[in-house]
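Got these off Swiss-Prot a minute ago, pasting:
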BINDING   Ile399, Gly400, Asp401, Gly402, Asn403, Phe404, Ala405, Val406, Val407, Lys422  ATP binding site
COMPBIAS  7-19  compositional bias 'Basic and acidic residues'
COMPBIAS  24-43  compositional bias 'Low complexity'
COMPBIAS  301-311  compositional bias 'Low complexity'
COMPBIAS  323-346  compositional bias 'Low complexity'
COMPBIAS  353-364  compositional bias 'Polar residues'
COMPBIAS  719-740  compositional bias 'Pro residues'
DOMAIN    72-158  domain 'Doublecortin 1'
DOMAIN    196-279  domain 'Doublecortin 2'
DOMAIN    393-650  domain 'Protein kinase'
MOD_RES   Thr61  phosphothreonine
MOD_RES   Ser361  phosphoserine
MOD_RES   Ser646  phosphoserine
MOD_RES   Thr665  phosphothreonine
REGION    1-44  region 'Disordered'
REGION    301-375  region 'Disordered'
REGION    707-756  region 'Disordered'
Amino acid sequence: MASTRSIELEHFEERDKRPRPGSRRGAPSSSGGSSISGPKGNGLIPSPAHSAHCSFYRTRTLQALSSEKKAKKARFYRNGDRYFKGLVFAISNDRFRSFDALLIELTRSLSDNVNLPQGVRTIYTIDGSRKVTSLDELLEGESYVCASNEPFRKVDYTKNVNPNWSVNIKGGTTRTLAVASAKSEVKESKDFIKPKLVTVIRSGVKPRKAVRILLNKKTAHSFEQVLTDITEAIKLDSGVVKRLCTLDGKQVTCLQDFFGDDDVFIACGPEKYRYAQDDFVLDHSECRVLKSSYSRASAAKYSGSRSPGFSRRSKSPASVNGTPSSQLSTPKSTKSSSSSPTSPGSFRGLKQISAQGRSSSNVNGGPELDRCLSPEGVNGNRCSESFPLLEKYRIGKVIGDGNFAVVKECVDRYTGKEFALKIIDKAKCCGKEHLIENEVSILRRVKHPNIIMLVEEMETATDLFLVMELVKGGDLFDAITSSTKYTERDGSAMVYNLANALRYLHSLSIVHRDIKPENLLVCEYPDGTKSLKLGDFGLATVVEGPLYTVCGTPTYVAPEIIAETGYGLKVDVWAAGVITYILLCGFPPFRSENNLQEDLFDQILAGKLEFPAPYWDNITDSAKELISQMLQVNVEARCTAGEILSHPWVSDDASQENNMQAEVTGKLKQHFNNALPKQNSTTTGVSVIMNTALDKEGQIFCSKLCQDSSRPSREQTSPVPPSAQEAPPPLESPRPPGPPATSGCDLAGTWRRHRD
């Protein structure tokens, strides 16, 4: 009984025992009778607290006592950690006798080697406006930020969490804003989200953890939320997941990237991502584990749309078609070996597996990725040295596949500018490496606005990687046939661009030897202007003396090449003269009526130049004069590229403005109708890049009698059967004007003239 009294002393006080006036028991009444005064005298029942058996009474109500003993729930975040969802604590006077005790418990729960290594020493309000210094300042349902000695870092801590335990918080808080923003995100189109199983491998030293993730509309609400959940599941040593990369090295930047063709991702922390060789190695047993995972993942994709999705905050392991799978928001389930197979993942092994079930038309090029950009290399050999290239460029699908090279989409990660990645298989160049070496050495030297530029190169033991400028405007013929207006002045500007490129090359003693319309690409600039760019340097070489190799395309080959008397830089001027002639009338100056190459060569050697009516009636004499100077059989009398630029028809705008688009286009289609049409304007630029020096072997022949070997380069670059390659080549240019690349494009006044 004494112990009971001591416990209740804090809630009761001693009653004042002073007697009330006239309340003495048994006192005689004024009437002389014995009567009971006080409450009984008034007919009231005395309270037990005021009875003689209890000398104490309550000073606070039971409701107030219950409220004081009830624990207050509050959520605590780490200072500056935007990926941490917060930790809920129940705070009561029984559990924490002092504020320091709370700090000790928060340190034990929130501090580690990465986060708050000095422990929790300060608690801020969620907006950082003030510090909390006592337990009484902590309010029910509120959120707070824990820090060491550093100042408060302003972060939207409530962005990735919507506490459902807060029952007393009214509207107008930061949490309300977070919910409102979340609702606005839901309104955005999420049609690309389909049930999909992906594998996430954490970066770092081996053995590396790999977890399988199910993504659907219930588990993938936003990119930030998925990153947060991956952080919980993968548990990086360096802290939060800062970046996710595909096996190609492409960084995942939005939610939609998870639902592309990539199934495996590498989780990276704050450290700089390394494309080390060890990161790309898997042994056979690990490959088998991942291969089985992919087979199960494909089954999950098929049935995922019919099965109910997992809850984003599920607390129990989930399974797909009977196969245990780790859930992003369930860290406990990720620890089991069945739900998160732990294996030292590598890019090579994973890519081999993932490519087996993909078509070659996927965004990464399907099996072509294994051949060209995976560490396996083109021939299955390791070429992990190529991956620093991926740090700067994002590699896309295959856009061109030739006999010796593959061309892929290539985008600069920092500027967003598009390029073309040319990948040459060294195994196919065995014994002829000097040809490729010569071509690349020339590309390294040339830098001119009218020449397709080599941006960057990289070489491995098995492959040669060339980042090339990508020109999408079609070729020279496309510029004419796709326009609504084509004048003599436009032709003059085209010749200026070509002569400008030739003057630069010849100043370096470089001869191109394959000047033709399909190697002249139209570059379109943002301001609407255009210029020509010369490409395909497979036959180019440095002139150190007379050359005797008979090569080129028959329509544009110079007479000294056919005669085998030795030639030099001016063979390019002859080819430019043929192109100028075609630009103004639509047909070549030398042609065979019987379609015989020997007749064509005889006409070229004779050099008899005519300007037949009525096709040349409206062409200025200045243009005819320039063409005559360019098509001189006598090399000494032939003009140079510099003289072309200084000619009045080119430099002084002596050309006319009459529209001759219909006439020239009609003749082009009549005389250049024997090559395959391209699908779009980009195809032409890719074909030029795809050509290599090895593709030019068909354009090298010993004499004019060896007619079967001068197959045009355009047809050589496509995979044609050997029997087809031996067919006699056509006499006209191998590139006809295909379908218009664009419609309604007016060329008048839009051609650039780059001045050196």
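From the backbone N, Cα and C atoms, a Cβ is placed for every residue, glycine too.
Looking at the shown structure, what environment does each listed feature sit in?
DSSP assigns Asn403 (ATP binding site) to coil, not to a helix or a strand. The local packing around Asn403 (ATP binding site), expressed as other Cβ atoms within 10 Å of its Cβ over all shown chains, amounts to 16.
Within the model, the domain 'Doublecortin 1' (72-158) shows a mean pLDDT value of 87, rounded to a whole number.
All chains included, 12 other C-beta atoms sit within 10 angstroms of the C-beta of Ser646 (phosphoserine).
In the three-state DSSP assignment, the secondary structure recorded for Thr665 (phosphothreonine) is helix.
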What is the separation, in Å, between the Cα atoms of Ser646 (phosphoserine) and Val407 (ATP binding site)?
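Cα-Cα distance, Ser646 (phosphoserine) to Val407 (ATP binding site): 38 Å.
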What does the structure give for the C-alpha distance between Ile399 (ATP binding site) and Thr665 (phosphothreonine)? Integer Å is fine.
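Here the two Cα atoms lie 28 Å apart.
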Go through Ile399, Ala405, Val407, the listed binding-site residues, and name the one with the sparsest Cβ surroundings, counting other Cβ atoms within 10 Å.
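Selected from the binding-site residues Ile399, Ala405, Val407 on minimum Cβ neighbours within 10 Å: Ile399.
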Including all protein chains shown, what's the count of other C-beta atoms within 10 A of the C-beta of Thr665 (phosphothreonine)?
19
Please find, for Ile399, Gly400, Asp401, Gly402, Asn403, Phe404, Ala405, Val406, Val407, Lys422 as listed binding ATP, the greatest distance between any two Cα atoms, in Å.
14
For Ser646 (phosphoserine), what is the secondary structure state per DSSP, taken as helix, strand or coil?
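For Ser646 (phosphoserine) - judged by DSSP and reduced to three states - the answer is helix.
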Write down the Cα-Cα distance for Thr665 (phosphothreonine) and Val407 (ATP binding site), rounded and given in Å.
31
Rounded to the nearest angstrom, how far is the Cα of Thr665 (phosphothreonine) from the Cα of Asp401 (ATP binding site)?
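Between the alpha carbons of Asp401 (ATP binding site) and Thr665 (phosphothreonine) there are 30 Å.
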